[in-house]
Amino acid sequence: MDRWIAPGRVNLIGEHTDYNAGFVLPIALSLGVVCAAERTGDGLVRLRSAQRPGEPVEVAVGELAARRATVPRWARYPLGVVHEFVRGGHPVDGLRLAIDGAVPLGAGLSSSAALCCAVTVALRDLCAPTLTPDDLVGIAWAAENGFAGVPTGVLDQSASIRCTAGHALFLDVRAYTAPGGPEPGAAEQIPFDPAAAGLALLVADTGHPHDLADGGYAERRAQCEAAARALDVAALRDVTDTDLPRLADPVLRRRATHVVTENARVVAAADLLRSGADPRTLGALLSASHRSLRTEFEVSAPALDLAVDAALDAGAHGARMVGGGFGGSVLALVDRADTAAVTARIERRFAAAGHARPRIFTVEPAAGARRLR
Ligand code: GLA
């Protein structure tokens, strides 16, 4: 069988801005989900995963929707993608799919989007070669939000499909998701080479899982929508500092404050990378993002704060939680020479707090989803 890979992502900055029509700046990881796939012509979807050896799934193409509730939760992501191709009228006449994922689960590094995107690029090549990368983002997003039933913005899927090695992807989500298709300039590849500047991006997976299907994420989205309604705008993207005092509800005001300031930080970070300035200056924006996520948006968690504080104490230029929050991973920008010291400090603090050892590794801006040759 031929094989395709789609990466997980880490968002440099721009958290909880995507579903507010704002800005994000992710990179793809070299860790990805691999999907081996072939057409079989027998009308069945046969699916297995190396991570779930005891749970192979077999469903008739025509019965995907009817069988949704009966298949294991992990299988709804790949089957959701197949369902979207069927809905789109593409010739899906039977498939064998074998999944093998290397993105840690529940780490806030988009393992589920990587899974959907790996199946999506495979099915593009097998059944629908004329689809554009932006079509693929839409399909993977629809599979996750529809069939899998997990609410997300477009950050994860666009990062997995559109990111390129050596670049951060600056996305203006409103322009990217415009009804007539992405507007010019909505997605921009900005060169970013931390290693060349003597820097490393350190990811610390705290091991405290985050789960988008939990209520916290949906509640934040609802609060953002309520704040936008109260201010009579289409999305919090349209709000500026001076509008914030008009929000009487203190919770909604805090949520909106995060989104407004976070959008400004993403724009500042993108300007900084474009200008060729020393990327160490990104650090202050990362740390400010974390403070805002902790105090205004209230999606951090004690283990995330501990990892951020330990990294900063050990000399990181900046650090913040990444992804939806409530658990998952922290990103720290460190001098390469300090990588071991920052790692050791985080591990020591976790041990002292009685937490299991976190998984800490460096990442570099890697390539997006593709066929493996
Ligand atoms: C999750 C969602 C994304 C985004 C982030 C927070 O990863 O899938 O769409 O909202 O949380 O920035």
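Heads up, the Cβ atoms here are built off N, Cα and C, so glycines get one too.
Those TrEMBL annotations? Automatic predictions, nothing curated.
Per TrEMBL, domain 'Galactokinase N-terminal' is recorded for 4-38. Counting residues of the domain 'Galactokinase N-terminal' (4-38) by DSSP class, helix then strand then coil, yields 3 helix, 23 strand, 9 coil.
With DSSP classes pooled into helix, strand and coil, the tally for the domain 'GHMP kinase N-terminal' (79-161) is 46 helix, 7 strand, 30 coil. As annotated by TrEMBL, domain 'GHMP kinase N-terminal' applies to 79-161.
Summarising the annotation, TrEMBL assigns domain 'GHMP kinase C-terminal' to 277-349.
Using DSSP to sort the residues of the domain 'GHMP kinase C-terminal' (277-349) gives these counts of helix, strand and coil: 43 helix, 11 strand, 19 coil. Long-range contacts of the domain 'Galactokinase N-terminal' (4-38) within the same chain: residues 78, 95-104, 109-111, 113-123, 125-126, 152-156, 158-161, 163-165, 167-174, 177, 190, 192, 201, 203, 220-221, 224, 228, 234-238, 258-259, 262-263, 265-267, 269-270, 282, 285-286, 289, 293, 297, 299, 320-325, 329, 331, 363-372, each at least 6 residues beyond the stretch ends and with a Cβ under 8 Å from a Cβ of the stretch. The domain 'Galactokinase N-terminal' (4-38) scores a mean pLDDT of 98 in the predicted structure.
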